[in-house]
Amino acid sequence: MSSLSRELVFLILQFLDEEKFKETVHKLEQESGFFFNMKYFEETVQAGEWDEVERYLSGFTKVEDNRYSMKIFFEIRKQKYLEALDKQDRARAVEILVKDLKVFASFNEDLFKEITQLLTLDNFRQNEQLSKYGDTKSARNIMLVELKKLIEANPLFRDKLTLPGFKASRLRTLINQSLNWQHQLCKNPRPNPDIKTLFIDHTCASSNGGRVPPPNNAPLTGPIPKPGVFPPLGGHGPFQPVVSPPPSAIAGWMSSPNPSIPHAAIAAAPSGLLQAPNPAAFLKHPRNPPGGPGMEYQSADSEHLMKRLRAGQNDEASFSGSIHPPNMYSPDDLPKTVVRSLSQGSNVMSMDFHPQQQTILLVGTNVGDISIWEVGSRERLALKTFKVWDISACSMPFQTTLVKDATISVNRCVWGPDGSILGVAFSKHIVQIYTYNPAGELRQHLEIDAHVGGVNDIAFAHPNKQLCIITCGDDKTIKVWDAVAGRRQYTFEGHDAPVYSVCPHYKENIQFIFSTAIDGKIKAWLYDSLGSRVDYDAPGLWCTTMAYSADGTRLFSCGTSKEGESHLVEWNESEGAIKRTYSGFRKRSLGVVQFDTTRNHFLAAGDEFQIKFWDMDNTNMLTYSDGDGGLPASPRLRFNKEGSLLAVTTSDNGIKVLANGDGQRLLRMHENRAFDGARGLSESVNVKPSIGGALGQIGNASASASPMLERSERVQQPMSLGIMASMENSRTSDVKPRILDNTEKNKSWKFPDIAESTQLKTLKLPDPLAASKVVRLIYTNSGLAVLALASNAVHKLWKWQRNERNPSGKSCAASVPQLWQPTNGALMSNDLSDAKQGEDSVACIALSKNDSYVMSASGGKVSLFNMMTFKVMTTFMPPPPAATYLAFHPQDNNIIAIGMEDSTIQIYNVRVDEVKTKLKGHQKRISGLAFSQSLNILVSSGADAQLFIWSIDGWEKKKSRPIQAPPGHSAPLVGETRVQFHNNQSHVLVVHESQIAVYDAQLECLRWWYPRESLSAPISSAIYSCDGLSIFTGFCDGAVGIFDAENMTLRCRIAPSAYIPSSVSSNGNSFPVVIAAHPSDQNQFALGMSDGAVHVIEPSDAETKWGGSTAQDNGVLPSIPSSSALNSQPSETPSR
């Protein structure tokens, strides 16, 4: 019996149950063997109706089927025997012994003898094993518990103990839909048809009364489905309006003409209103379609189906739907030669090649990053670390989830149909959609809080010629979203477990979606609200993905069971049956096996530390490749569109690219282009990573949620192909290095000393206002502007404009920005009415996530300014004590941690204007605050050189300690101390005039550096670069040091003469009071000077990074894991 016939039985069971045909229901359950009604079985056992108990069981199993079945029947017959003995009905007991229990003698003769001896006892309870036998009712209940365990363990009852999930009165609904369909095909449909029979097809009598009325049979009563599910065609009374398909659709689904349906009705159907209510012929196989008895919906090819019918084939027969010519191939067609190795730096979770640009690879990782690689040139075109673009638009469950655990992973990333758009599904709630252009630019397009829990898959489709996004998730639903505005269009419910994957497709102009859940159920959906059209079981009954061949004619699935058994199969769509099963998998796969198809030739799957290949027409494995070693147990893999390249994940957080002959030629072509471009151009544009936390930039607040271009200029040196091959990924920020010994490290890290302005790019920002010492300096989150706070409490904002030299409009040293002011010429100045005179060091500043307002204080009240108008929106916290540091709570922008002059930390709610709590422990004023979202802690530092850790949950103190004193300094230290979390959210940069140091979350010092040799002056300020690989450090003599964040090795020293004009340096000791790091360019920083100047500094055109190419080319840059909650720069940077 086909799966659809099986489903029909379930619908009939439901109908009989709803109509109270109880005996008939159980008779059908027993005869079909599809559903074992445990409740009915229990009632029958407790009633002692032993003949009915065995009759009902016989529909599902027999005594000799297996040991579970034998035990079930033995327990029932033994109970029947004991009850006869208990009633002293010896004759009945003997009859049961001979007829029912003797069958077990051949299996256990001793047991049968012991049972027989019970006849000789006056009371069978005299037998020691039966001495606790109570009354009949309790004995039946005890036996019933045992029977239920045996039935649940019996494999013959698997999948038969629960009914499939479907809505009430489903059969009525289908009949009503069929009647609606028939009515829509009427030549002269009446507004209020009177349907009185189901025995013949419905037709409305013609207006002249020529048609004979149907027999006056009683109609099937029941609720009519509510109108409005389908687009209305007009007034048709109580019937649900149904849209008629065009002639081509009708002809494609029906196997032969039907004389009972007037052709004029088809021709007259409005062609624009097109979706049929039940078009998935290849998804279901109904026995009596609307056209008339004995007809089938078309499965794939009408001519093929008509031949099948004419040949008199049984309607239950399986057919493929289309004929596939045998595949012709050669070994060279398979991409098996390793041609590229890319270092991603974190575990790759998903990959997808661009549908048009065959060498562009999209990659998503387990820390929420997405990257775009140009495989040909080995260049990473873009890197996006995870951040929520607009936390205020997200649901409270998502916000709560992030508070509890900020870690997040990419579950799936995929290109849109034409490659102009891409989607990313994350392990918590959301999907993010970017637009992409061939130059490598990514723009934020949509952020959708799609599912409760993880979003397990994402895909694009074109139903009704409109691009849509399809997602599925842990909340057991599939959702369809408008790809333009992000509006939800459909929600498909019906799975009983989290939905693991989706596979949208179209066939014969019919759009549909396959979905698989982790209970192994496969369902199919049309773009309507009528529920699933099919319900198949995937082999393995666990995690399964589905994919079509390139021409869309063949459907495959690959999955792994909980026990590790993997199954790669081809499906016969029309019957929901498996057409062929491919062999060659490890008996117990280590992880869920992933697979892909290429063109119409090959299948590939990652298993047993290998890539295994199959010819689609042959179930035996064709060949395999180990990718030259280094693959994980179940590597993920992805073909490009032409099947010439195959990307596969490696166990060291990388990607290998395998190629066939065509693929190798394709890559050589791109190598030549890269070489020619490098030789002929002095500059190239590349996308820099946008560094941000799960809720945006933490210290400096989130990056703007507006769709800004994530680009910045970068210089590319001429290079040979040999050099390009050796440096492979030298530009990436999270490359996993080879390990060098200390000798080689020291040799590689020989730093350059930059003393001339020609050795770097520097720009002093124009400032016609009165010069005053810069005490605070930050970049805006968009990277388009720099904001400074001077000691006279005046803010200065420089904005860069788009022009030919700076097409991105981002801050750079090559283009002069404008000192921006509103049209009324107002200055943005802090309130000084209550401030102590000469106390400029207590100034503090914090910028909102969208760059729209800034919070600031200069010893007086804290002011909230509008960044567009410079107007004061509100003031709060009048001194004393004065605010000395500001930090936004990472999960709630209304909560601010405010460090105070009196050494306390106040947790302040801006919205309700209330101090929630005060944290006490420091001895001097607070000079630094940093949140770790992943660890749920706040680290504070003060002018007492003490470090404290506070729990965010209850605000209790967890740990404290003084910072270490370096050689030549007496302990304990005092003085301004600043803190900033690294990208990994577990290491803290501690800055003091005596040192820069990195501490872990237990306040253990991991490494440090103190002033000496060429950098012997006290430290004035320091900050991590946006990628966390460098530490920019300013000194009180005007020098700047750039250190490697991993080992505190000096990478580069910039002398004051390189960026301070000689006229200025001769007039006094000007030095960088504060340093700010660019939010997306890891090599750019800005200096706020003691003389009031602001300088933007970048490497020279001859260098792409600080310290030259020696260190990174030799592979010694450390791999710093990126994080879903990253402090790219604190709301304030350390200063003196």
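The backbone N, Cα and C atoms fix where each Cβ goes, glycine too.
The compositional bias 'Polar residues' annotation in TrEMBL covers 1120-1136.
According to TrEMBL, the domain 'CTLH' annotation covers 34-92. Taken together, the residues of the domain 'CTLH' (34-92) have an average pLDDT of 92.
If you look up TrEMBL, you'll see 1100-1136 marked as region 'Disordered'.
Panel annotation: around the repeat 'WD' (448-491), residues 275, 393-395, 397-398, 411-414, 416-417, 421, 423-433, 497-504, 506, 511, 513, 515, 517, 525, 527-529 of the same chain, lying at least six beyond its termini, place a Cβ under 8 Å from a Cβ of the stretch. Residues or ranges marked as repeat 'WD' in TrEMBL: 448-491 (among others).
Look at TrEMBL and you will find 919-960 (among others) tagged as repeat 'WD'.
With DSSP states grouped into helix (H, G, I), strand (E, B) and coil, the domain 'CTLH' (34-92) comes out at 40 helix, 0 strand, 19 coil.
Taken residue by residue, the repeat 'WD' (919-960) breaks down under DSSP into 0 helix, 25 strand, 17 coil. Helix, strand and coil counts under DSSP for the repeat 'WD' (448-491) come to 3 helix, 25 strand, 16 coil.
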